[in-house]
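Asks: Grabbed the feature section from Swiss-Prot, which reads as follows:
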ACT_SITE  HIS19  active site, proton acceptor
BINDING   ARG15, ASP16, SER169, HIS198, TYR289  substrate binding site
BINDING   ASP16, HIS198, HIS200  Mn(2+) binding site
DOMAIN    7-259  domain 'Pyruvate carboxyltransferase'
SITE      ARG15  site 'Transition state stabilizer'
Amino acid sequence: MTDKKEILVHDMSLRDGMHSVRHQFSLAQMIELSTALDEAGVPLIEVTHGDGLGGHSVNYGFAAHSDREYLEAVIPRMQQARVSALLLPGIGTVDDLRMAADCGVHCLRVATQCTEADVAEQHIGLSRKLGLDTVGFLMMAHMLPAEGLLEQARLMESYGANCVYMTDSAGYMLPEEVREKVSALREGLADETEVGFHGHHNLAMGVANSVAAVEAGAKRIDGSVAGFGAGAGNTPLEVFIAVCERMGICTGVDLGRIQDVAEDVALPMMDAPTRIDRDSLTLGYAGVYSSFLLHAKRAEANHGVPARDILVELGARRTVGGQEDMIEDVALEMSRARSASA
C-alpha cells in the first residue's frame, strides 16, 4: 500500500475489557487506564458496561459501578481523547442515551444484530438530534453476505448514522471476507459516511483483518490495549499501531507509550492474560459471539459439559448477542443427553 492514510483508532479496553473481568473495574482502574490511553494519544475511548449502557443487570452481570459513575469518573479527566458509549436497543434505553449525553459523551454507538438495523432507528435519530457523533454498529457481520450487510448499513445511514461499522463479534472472519464487506460498504454508502471495523482475535486475525479493512476504505478501527476484551480479546491496539507505523498509516498514537500502557497498566488489571485458548479459539472457529466465553465456562462448571462443546453447539444454532440465556439451556440439554446415553 503506497497511499498515505489517516485513520481514527478507538480503544475498547474499558468497555469490551469489562467482559473479561466480569464487569468489575473499579473507578480507580477506569481512571488509571483511561488517562494513560489519553496521554498516549488515543483519540477515542469507549466507557460503559461490557454490554453497553443499561447492561448492569441479572442477565448480563452487575458491574462494580453504574455507567454514570464510570462516565463521570473518566470524562472530566480527558485532555485530548473523546469518550464514546455503546448502546444495544433492548438493553439500553433512550433515558440511558440522554444520561450519557448529559455526562459529556462525544460519540454514541448503536449496536444491533447485523440483520436488525431497523431496531436502531429511534436511538440513532435521538443521538443525532443531541449532536453526538453517531455510529451504527452491525454485530456478527459474518452472518450476512456483503449485499445484505450493505442493505442494513444503508438503513442505519438513513436514520442519521454518520459512520457504520462492520463488526466481527465472533472473531470468525478472514481478511478476504473483511476486504469484500468493507469495500461493499465503502462503495455503497455516501462519501461522507465513514466506515469502521471492529475485530476480535479468536483466530489471531485481528490485526490482519484490521489492515484489510483500512485497505478497503475503513476510516475507523477498533482495538483494545493488550487485547483487553471478550474471548481471546480484541485487536491488540499496540500491535496494530506498530503495523500502521510500518505501513505509513497515520494514527496519531505514540507507539512507545501505547506499548507501556499495555504492559504496565492494562496487563496487571487482567484476571488472566488475554490469550487464545481452546475455548476462545472455538469462538472464532464456530462463529460464536465473543462475550459468550465466560458464560460457557460457568455452564461447564454447573453441568459438566466442556465449554468447547457448548460453544460449538451454540455456533451450530447460530445464536447471537442477547441470547445469553440459551447458554445454560444448551448446557443442561447436552448434560441430560449424555446422562441418558451413558
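The backbone N, Cα and C atoms fix where each Cβ goes, and this holds for glycine too.
Keep in mind the model is a prediction, meaning the values are calculated, not measured.
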Asks: What is the interatomic distance between the Cα atoms of HIS200 (Mn(2+) binding site) and ASP16 (substrate binding site), given in whole Å?
Replies: 10
Asks: In terms of DSSP three-state secondary structure, what is the assignment for HIS19 (active site, proton acceptor)?
Replies: helix
Asks: Count the Cβ atoms, other than its own, that fall within 10 Å of the Cβ of HIS19 (active site, proton acceptor), considering every protein chain shown.
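Replies: A 10 Å sphere around the Cβ of HIS19 (active site, proton acceptor) contains 24 other Cβ atoms.
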Asks: Mean pLDDT, the domain 'Pyruvate carboxyltransferase' (7-259)?
Replies: 97
Asks: Which Cβ among the binding-site residues (SER169, HIS200) has the fewest C-beta neighbours inside 10 Å?
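Replies: Taking SER169, HIS200 as the binding-site residues, the minimal 10 Å Cβ count falls on SER169.
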Asks: With a radius of 8 angstroms around the mean position of the C-beta atoms of ASP16, HIS198, HIS200, what other residues of the same chain does the Mn(2+) site pick up?
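Replies: Those within range, site residues removed, are MET12, THR167, ASP168, SER169, GLY171, GLY199, ASP222, SER224, GLY229, ALA230, ASN234, THR235, SER290.
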Asks: Give me the Cα-Cα distance between SER169 (substrate binding site) and HIS19 (active site, proton acceptor), rounded to a whole Å.
Replies: 13
Asks: Within its own chain, what residues at least 6 apart in sequence put their Cβ under 8 Å from the Cβ of ASP16 (substrate binding site), listed in sequence order?
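Replies: Those within reach of ASP16 (substrate binding site), by Cβ under 8 Å and sequence separation of 6 or more, are GLU46, GLY50, SER224, PHE228, GLY229, ALA230, ASN234.
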Asks: In the three-state scheme derived from DSSP, which category covers HIS200 (Mn(2+) binding site)?
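Replies: DSSP call for HIS200 (Mn(2+) binding site): strand.
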